[in-house]
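First the structure, in the form of structure tokens, and then the observations on it.
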């Protein structure tokens, strides 16, 4: 879809400017996410989880409508380029906020063990979004569909979701934390205006927990970029796939990804999620051991298997998101977890996209491991930290 939009909203006269502007438009979807995370995170921690979800949904509806009716570059010139970039940046902020908001809301409303698959189920709908985007791109490239209808449909879904979400209640954890503060103030006779001095409000973030969660979140951008974009480039350059064939190939991969995601959600109810992550880590180590042989003897079938593995079974935060969230203080949980989510995407997508391009140019397939191995080491250390936290918790 991004390729299609770039042709419509960027100048066709200068191929270099198209590359630069399209790269900026792509990066804008995640570069500005940390700023949005700080803003909406503050709202979520100080006002409530529900308002953030409503605002994020409203912004998504507005941008979908804006893109659907936006005139092309041929009609309004460079203004179209500026507006499409702005809309994509806002969509990136709102989508990241909505994902964290939904996961956090469910975490604080549902208790284990149902909590684990309930929170993990948000990934199913995220995967469905990827599947829908690839499906629409496949239809558009075949010339049988007006792409603007896709954004109008997205706006309809967002507006419907906004109306439904107005009936949501605030989460128990947030309300209970507020109640504990009120009771503690009443018992001590402290002026409510001095609420900032309350121990619940002042509870600090454990720095090691912050870094560990960041290390865990850094894995998915690497796996997803490698799985969809880098492997797509290999199919194009080494096996002569056309862009339309790559889109259809990735559409099939996303269907398998959806099936695997549903399977992991189910397993998270039966098996403790951190044990699932530990198992996926060991499988990744085995893959690294055999990767030189695999990458030197690639076929389209091998590429498909590699894509399925990295997009479904490679270690990440899913399906243990709820476990990670509960180790952050309630009144600092939204801002810090959403900031980590946004910052990890902004940093790792840039490192992965540019890093793979340069490292594989000079070191071949070994350049891939130069990015994956450090990320995996950080992941292992982060996972061990949370495993230790869970062992030390008193339930």
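Cβ coordinates are placed from backbone N, Cα and C, and glycine is handled just like the others.
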Check: TrEMBL lists transmembrane segment for one of the ranges 146-164, 165-183; which is that range?
Finding: 146-164
Checklist line | Of the residue ranges 76-100, 301-325, the one that TrEMBL records as transmembrane segment | finding: 301-325
Check: Counting Cβ pairs under 8 Å to the transmembrane segment (337-359), which of 52-70, 118-140, 276-295, 365-383 comes out on top?
Finding: 365-383
Check: Apart from its near flanks, which chain residues at least 6 from the ends of the transmembrane segment (301-325) lie with a Cβ under 8 angstroms of it?
Finding: 103-104, 106-107, 112, 115-120, 123, 213, 216-217, 219-220, 223-224, 226-228, 231, 234-235, 249-250, 253-254, 256-257, 260-261, 264-265, 267-268, 273-274, 276-277, 280-281, 283-284, 287, 294, 333, 337, 376, 379, 383, 386, 390
Next item on the list: With Cβ distances under 8 Å as the criterion, find the stretch in 118-140, 210-230, 250-269, 276-295 that has the most pairs with the transmembrane segment (365-383).
Entry: 210-230
